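J.: Dumping the structure here so I can ask a few things about it.
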Amino acid sequence: MPKIVVVGAVAGGATCASQIRRLDKESDIIIFEKDRDMSFANCALPYVIGEVVEDRRYALAYTPEEFYDRKQITVKTYHEVIAINDERQTVSVLNRKTNEQFEESYDKLILSPGASANSLGFESDITFTLRNLEDTDAIDQFIKANQVDKVLVVGAGYVSLEVLENLYERGLHPTLIHRSDKINKLMDADMNQPILDELDKREIPYRLNEEINAINGNEITFKSGKVEHYDMIIEGVGTHPNSKFIESSNIKLDRKGFIPVNDKFETNVPNIYAIGDIATSHYRHVDLPASVPLAWGAHRAASIVAEQIAGNDTIEFKGFLGNNIVKFFDYTFASVGVKPNELKQFDYKMVEVTQGAHANYYPGNSPLHLRVYYDTSNRQILRAAAVGKEGADKRIDVLSMAMMNQLTVDELTEFEVAYAPPYSHPKDLINMIGYKAK
């Protein structure tokens, strides 16, 4: 009976194991998870903190016991894989509760250890990061136990923005700082102004080009010279792949610690796959490498690996498009395609339109800003971005499908919109992009 070992039990690992079991009823499947919880919804965590998700249990799909009862898959939490011997096809495992170590053999090894939150490195009892359900519980319990009011949020990426919004909605008083003036880097810089407008509208303090110099109890000294007091600090300063344990093996890592994979999510070592935040692959629509540590990619990779292990040799990954979205108070920010800083590798043109998300005479209309970049050599779409209170998600998803099928910007005129006054225009913003490009 083949033995399949999975490292990591969240989006990629748990999904892959589940899909393998759906296709293969016989194999022995074991998942090692270094932390307390398995199969939780990472993207739900800020909303648990904000009490938008009313019960944290809604963010937890399975316990190990439930997973075994439903799928006959063994999940061992607090078990950290600390080394791989790919020549003997074994992994070394540390039981973090007992501090005991043991070896586990495998026929197939699936690596989905995810990433960990970066830290600024200050020794402080009021400083937290958010990466898993344990972090979420710690933040929630600290807020309740210490009657937290003033919270400093460090960083201005997706997670920090979501955390700040949810702290505000919970009734706390957050302040945002960021070390540069470049916020929300997945979005075009000049399309981020509504973020600052939303902060100003709610009188939420923020400072760009600001950093922490020192923390002394609740007293924070900043690079600017300001000294302020906060009850709590939440750091959202990026992540790094959990790949240290892989260095002992023959598995190739890139300079940032990610694992390059082929179109089957195979590593350079036979019988070892890598999926989720740790894997780096390529874009679908252009010839560039891509690392897209988001939920869709982890789930797609899980299905592809499961199909292969079950015997489907023809299935392949065709690449990322990098579709991403975030809600910040009343606005939605969405984009798809290459990152803004990757556009310089192409000879491109940009076309954009700003108009109401639906018919102007229908109540509740608000402006939607849609922008498309296309390659001048073949007029295919490289990147699209949208910002507005309504309809950004729909337009970016349509453009994602257009890019998946390598449509040109001119072909957007042929997009047949589902039109009624509450939803769109007879000539949608997507159509208008095509017309303007001509």
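Each Cβ is built from the backbone N, Cα and C atoms, and glycine gets one as well.
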J.: Which of these, HIS173, HIS178, HIS285, HIS299, does Swiss-Prot list as part of the substrate site with THR15, GLN19, ARG22, SER39, ASN42, LYS71, LYS427?
T.: HIS299
J.: For the C-alpha pair, I'd like the distance in angstrom between ASN42 (substrate binding site) and GLY13 (FAD binding site), rounded off.
T.: 13
J.: To the nearest Å, how far is the Cα of GLY276 (FAD binding site) from the Cα of VAL153 (NADP(+) binding site)?
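T.: Just about 26 Å between their Cα atoms.
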J.: State the Cα to Cα distance, in Å, between GLU165 (NADP(+) binding site) and CYS43 (active site, redox-active), rounded to an integer.
T.: 14
J.: Other than its own, how many Cβ atoms are within 10 Å of the Cβ belonging to CYS43 (active site, redox-active)?
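T.: Here the count is 14.
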